[in-house]
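Undergrad: Got these off TrEMBL a minute ago, pasting:
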- 7-24: compositional bias 'Basic and acidic residues' (COMPBIAS)
- 1-24: region 'Disordered' (REGION)
- 91-107: transmembrane segment (TRANSMEM)
- 127-151: transmembrane segment (TRANSMEM)
- 172-194: transmembrane segment (TRANSMEM)
- 225-247: transmembrane segment (TRANSMEM)
- 259-283: transmembrane segment (TRANSMEM)
- 310-330: transmembrane segment (TRANSMEM)
Amino acid sequence: MSRRVSTHTEHQHGVRPNDHHDTYEIETNITRSTSITKRESDIEHREGSLSVQEVEEEDLPHHLYVYEEPNHVTSFPNRWSRIRYWLREPAAEFLGTMILIIFGNGVDCQVVLSGSMNVSPAPKGDYLSISFGWGVGTAMGVWVSGGYSGGHINPAVTIALATFRQFPWWKVPIYILAQVLGAFTGALITYATYFHALDAFEGKGVRTVPGTAALFATYAMGYETSVSCFFDEFLGTALLVIGVLAITDKKNGPPPAGLVPLVLFLLILGEGACLGMNTAYAINPARDLGPRIMTWIFYGREVFNYRHQYWLWTPILGPIFGGLAGAFVYDAFCFTGAESILNKPNATARRHHERAMKSARDKIPAGIDNV
């Protein structure tokens, strides 16, 4: 289906009358065309406007740009814009997760390292500061990426949405790879930022897992058992996914779209302040795996040998299964939207729908007399 799109807009949108010709010229600044969203009946076709073009609506992305060249409507003004169009979702996940880790690992380093007199004469923060830092990192990461990729920045969220909310499975490995790479990059940037403080804390060139590795990846408290570690991450991620689904549920009093990151800030702040002590609340496989790979480079293989593959079954499998459980609970007891697999119509509902549609088609329209 094609739609005729006029590039004529009002003067304040970048188009002004030409004093010498009966046409309109477009100013040199790039403007966003609002014509694509108008109904066909609302589009003006009059002599003196720029000529219209046939545009295949399904072939265009969600944005449309108008440039200074007459009769030029395009979504790809140059080669890079076309590349960016195909990379924007994984790039947004990469950038959002990187921001999350820079804030989170950064506050961990600042609070812990400043506790040493070799680094700072006075501590720069406390445990509540850590909770705030991770909350701000989450909010900013989602704010940056949300409009382009959905702002998952967490493989547990991505897998839960693919399982229960029809998020395309073919995108899952792409998203997860982008998230892990973003977390790795964020941890590496933070490590470089605090490199000299780490030297002052442990000794020049000294890097030990008991000393500072926990500033980047997660490690459990000594009193925790293997089962309790798994359950801690399972519970934290289940609550996280329930919160995410509730915040984005249009029938559950959601916040305005621009305030979703702020609500997520409060959610992560609460998780850290209430459930963060035992395992440092990874609740995000990428948040642990990316920084752990980074520390493997500088701290050695011990980061993966800790507690007999702790890295796999606590900060990776725990959040994944917890996210699935949280999504199931919310969709089973609260969510009524058609996109959930738990609300998929059964055979009886489909037959009822087909009968209703057939009855509507057979009904004589009002105002038509039988002859």
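From the backbone N, Cα and C atoms, a Cβ is placed for every residue, glycine too.
Unlike curated entries, TrEMBL annotations are predicted automatically.
Keep in mind the model is a prediction, meaning the values are calculated, not measured.
Each of these features: where is it, how hidden is it, and who are its neighbours?
TA: Same-chain neighbours of the transmembrane segment (310-330): 154-157, 159-161, 163-165, 217-220, 226, 229-242, 245-246, 279, 282-285, 287-289, 292, 303-304, 342, counting only residues six or more beyond its ends whose CB sits under 8 Å from a CB of the stretch.
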Undergrad: In the same chain, who gets a Cβ under 8 Å from the transmembrane segment (172-194) while lying at least 6 residues past its ends?
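TA: Here the qualifying positions are 89-91, 93-102, 105-106, 109-110, 113, 149, 152-155, 158-159, 162, 215-216, 285-287, 289-291, 293-295, 298.
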Undergrad: I need to check the long-range neighbours of the transmembrane segment (91-107): which residues 6 or more away from its ends have a CB within less than 8 Å of a CB in the stretch?
TA: 84, 125, 129-130, 132-134, 136-138, 140-142, 144-149, 151-154, 175, 178-183, 185-187, 189-191, 193-194, 215-216, 286-287, 290-291
